[in-house]
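Structure first, commentary second.
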């Protein structure tokens, strides 16, 4: 059983090798090499893409941290001012100038507009409106027992506001706006008549209304953005503000206004070393504020669909990146600003950068390697194909007689032995026909060897056309042929032999110009049915002996037994 299994495995391998062939194996090898080279290149592309994304995030993080530090500085100043205001409300300074300011307030509080100023060089003036105007506002009120303390606290905060406000800061204006009808601002009010307009401009802003106890229950710092009206000459601003409370009473709002243009200038300064990519600042509602590219302010602005896609991505993380068409968009939420900083990197910018150069080089290398691989495949494939054709031709020549195109003696014996063994295994008959052309030497002597060759070729064609599909014929001598008939009984083999004899004898063939001859053959037939012997050489010897009996009996005959 083990021997049979081993033989079956070897037979299966041989069939597979014949089915595939050298050309298919070459194709398979080159496909595997191309596949692995493509996978390695793809892996390098993935690593390169990860490095590119990390680089984009690092650039964005550096700018975001720098912007956050400046904004944090302003928020810290705002918290410091609120703490100072609270202390001043609880324990005001007992200065004569401050008491005089309270007295002056009592004298002018009924006036339409008023201004209290201690020392213009050291502190900021308090600008206010009348009691009547205050009573008209829903959020405004002077029904406060600590109103005098708030007046003095506002003057003290005015001193701190003057110190905190400087030209190097991003803040354009710092102010305290009270619910009691007055305000202190680093931007002076030149004419008293403008105080009511300016005050009501403050108290109607979202950054003031948004700090009511209902709107801002946690009393935290909040950011607001203001977009200019179409008919207004004012520019967009970002305002950070915080409510001022003491003893559960809301006094007013401290705020700082930052023009969007200063943020734009900061972004431009922050990316001087990184020329590629555009930085964009958005508020918490993803409304565009400013860009680091003033020359093309709307070049990379997102449409509503892209903004919705970006907002959906931002819901899951405070930082990240996505691809939009030919752009890579990375974002990071700021810690001290209620908004997000976005970096847009286009495909053209990426191609011009270091990663673009590496990507192009990698693509060219892969294309060059693939081209060389295909050329090598073509050359080797042609070489193997030619060698395979040559091998097949040499093998055919080694197994066949070139004149008759039948098997030669050695090949016939190689074919006969396994066929005889197979028939013996399955108990099928195995027959042999031996054929010899009559008077062939006389034809050679009379008409020449070329005529003899034509006779042999003609006879071989007639013999082949008389056989069954499973029969095998070969040339075993000069004018001798042998036919193997696996599975044919002696009677069937004799019928085949008779058919061969008739075909050979019936047809005339042209030997020379106007010269035709008719050939004949003597045939001997043997079969394993007679003795049970499946030895091919013994059967051939028996058929050969009967062939000579046919010649002795007058030629052009078939002898299938010794007694016929």
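Even glycines carry a Cβ here, placed using N, Cα and C.
Straight from Swiss-Prot, the features:
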{"type": "TRANSMEM", "residues": "20-40", "note": "transmembrane segment"}
{"type": "TRANSMEM", "residues": "360-380", "note": "transmembrane segment"}
{"type": "DOMAIN", "residues": "428-563", "note": "domain 'GGDEF'"}
{"type": "BINDING", "residues": "436, 479", "note": "Mg(2+) binding site"}
{"type": "SITE", "residues": "441", "note": "site 'Transition state stabilizer'"}
{"type": "BINDING", "residues": "444, 449, 453", "note": "substrate binding site"}
{"type": "ACT_SITE", "residues": "479", "note": "active site, proton acceptor"}
**Message:** Neighbour count, 10 Å Cβ-Cβ cut-off, for residue 453 (substrate binding site): what number do you get?
**Reply:** 13
**Complete:** Cβ contacts within 10 Å for residue 449 (substrate binding site), all chains included, total 10
**Asked** For residue 479 (Mg(2+) binding site) and residue 444 (substrate binding site), what Cα-Cα distance in Å is obtained after rounding to a whole number?
**Response** 11
**Asked** Do you know offhand how many angstrom separate residue 436 (Mg(2+) binding site) and residue 444 (substrate binding site) by C-alpha?
**Response** 15
**Complete:** Cβ-Cβ distance under 8 Å, sequence separation of 6 or more, same chain as residue 444 (substrate binding site); the residues meeting this, in order, are 451, 452
**Prompt:** Should residue 436 (Mg(2+) binding site) be counted as helix, strand, or coil on the basis of DSSP?
**Reply:** strand
**Prompt:** How long is the line from the C-alpha of residue 441 (site 'Transition state stabilizer') to the C-alpha of residue 449 (substrate binding site), rounded to the nearest angstrom?
**Reply:** 10
**Prompt:** Quick one: which residues besides 444, 449, 453 have a Cβ within 8 Å of the substrate site's Cβ centroid, in sequence order?
**Reply:** 443, 447, 448, 450, 451, 452, 455, 456
